[in-house]
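Read the structure below first, then the notes.
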Amino acid sequence: MRASAPTISGPNGPGLHGRVSVPGDKSVSHRALMFGALAVGTTDITGLLEGEDVLRTAAAMRALGAEVERLGPGRWQVAGRGVGGLVEPADVLDMGNSGTAARLICGLLAGHPIFAVLTGDASLRKRPMRRVTDPLSACGARFTGREGGRLPLSVEGAADPLPLDYAVPVPSAQVKSAVLLAGLCARGTTRVEEREATRDHTENMLRHFGAAVRVEADGNRRVIELDGQPELRGAPVVVPADPSSAAFPLVAALLVPGSRVTVEGVGLNPLRTGLFDTLREMGAELTVSNRRVEGGEPVGDLTAAFSELRGVDVPAARAPSMIDEYPVLAVAAAFARGTSRFRGLGELRVKESDRLAATVALLAANGVQSEVEGDDLVIARDGSPAPGGGVVETHMDHRIAMSALVMGLASARPVAVDDSAFIDTSFPDFIGLMNGLAGGTAIAPLEETA
Ligand code: S3P
């Protein structure tokens, strides 16, 4: 058991200033390690996120027979086993807090004739796994889990996996990716259909490693086809800075008067940038400079300056491109003038916590009323700073913790969280980075300020 870390953030006078780099993209980091393990030859990774979630994936790839070595900060090398070459792990694979690691590894194991058991922390053990194990069972793999298919879960992979043809019923890049990973080991063509486009890092990286992937787009709908049993070849991966992490210092800069913050080298894959479009619709001064392509992904430097925000109506179709950003967007809406409505947030209920309920509670603890209407979140405000003064329960959810601490930097009174320890899953040294921008101790352990 890790020690919990009650933490508090308070208003800071001169605002947030500076240029910073945030850690590497979590989605790309997991995939770089997994595809490296499935490739022949070596994969050199730069900018890997060294957060706990990704370190779990690194450990799992080692347990499955790949050689995974840390060469320096963010610099990792993987010597892979080739598609179909993973070996049976000697022990249970513990995926910690990471849904992405657990679900993608189910896909990877489904196509290998080996036995493995997956588990995770109390948050991950509550999360639904049938969304991957149901489709993956059709390739011949067998999964046995707890009630609701939850972790711990055993997997007996298929010796001769069948290619899958699957229409993903919920917008989920994890489900799509799990099916495609199983398809790597199958003879023939795997086909995945999604009604709403979700992040396409798996498709992009499969191509980068030499697989044949065809994507047909029709509006928001996508059909992805993968030819099975390719020889994946190790390839260099440059991980962009995570837009989902950049969101926190950027929103803080928008909310704290006098601020101007630049975050460098942020991934701008269009299936990830819904938050930035939404903030601009709210009247945010948020600009991109130095646009370039690095390692096959568009990146740029993002600058945010304090702005008076107005309420916004975010369509459900945009949700997949900003699914992890709603808690911090809700914080922004708490400082905006007018009504904000975020539509189609059902998937938030099955994140690291029930993020819809946790976001409502975060706001309520700090004097901001919001309503859940069906799957929509509605926040109506008058543009004055949120009152603050609350203690937020983070429910083992890194993004709830960071969103609450961002709120405390701008609200009338400080905001505390019961535990900031889980921030390390995705954003190691978040507190140090934010304090650097604040030019002092704006975020601190709760005991020290009590
Ligand atoms: C992820 C997909 C999303 C996202 C998660 C990372 C990925 O989950 O919330 O943080 O890397 O594929 P869903 O696929 O469940 O929406």
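The backbone N, Cα and C atoms fix where each Cβ goes, and this holds for glycine too.
Annotations in TrEMBL come from automatic prediction, not curation.
Checked against TrEMBL, the range among 1-21, 337-357, 379-399 recorded as region 'Disordered' is 1-21.
TrEMBL names LYS26, SER27, ARG31, SER172, GLN174, LYS351 for binding 3-phosphoshikimate. Of ASP134, ASP313, ASP324, the residue it gives for the same site is ASP324.
In sequence order, SER244, LYS351, ARG399 make up the list of same-chain residues 6 or more apart from ASP324 (active site, proton acceptor) whose Cβ falls under 8 Å from its Cβ. On the backbone, the CA of SER27 (3-phosphoshikimate binding site) and the CA of ARG127 (phosphoenolpyruvate binding site) stand 18 Å apart. In this structure, the CA atom of GLY99 (phosphoenolpyruvate binding site) is 8 Å away from the CA atom of GLN174 (3-phosphoshikimate binding site). Sorting the compositional bias 'Polar residues' (1-10) by DSSP state (H, G, I as helix; E, B as strand; all else coil) yields 0 helix, 3 strand, 7 coil. The least crowded of the binding-site residues ARG355, ARG399, judged by other CB atoms within 10 A of its own CB, is ARG355.
Counting Cβ atoms from all protein chains shown, GLY99 (phosphoenolpyruvate binding site) has 21 others lying within 10 Å of its own Cβ.
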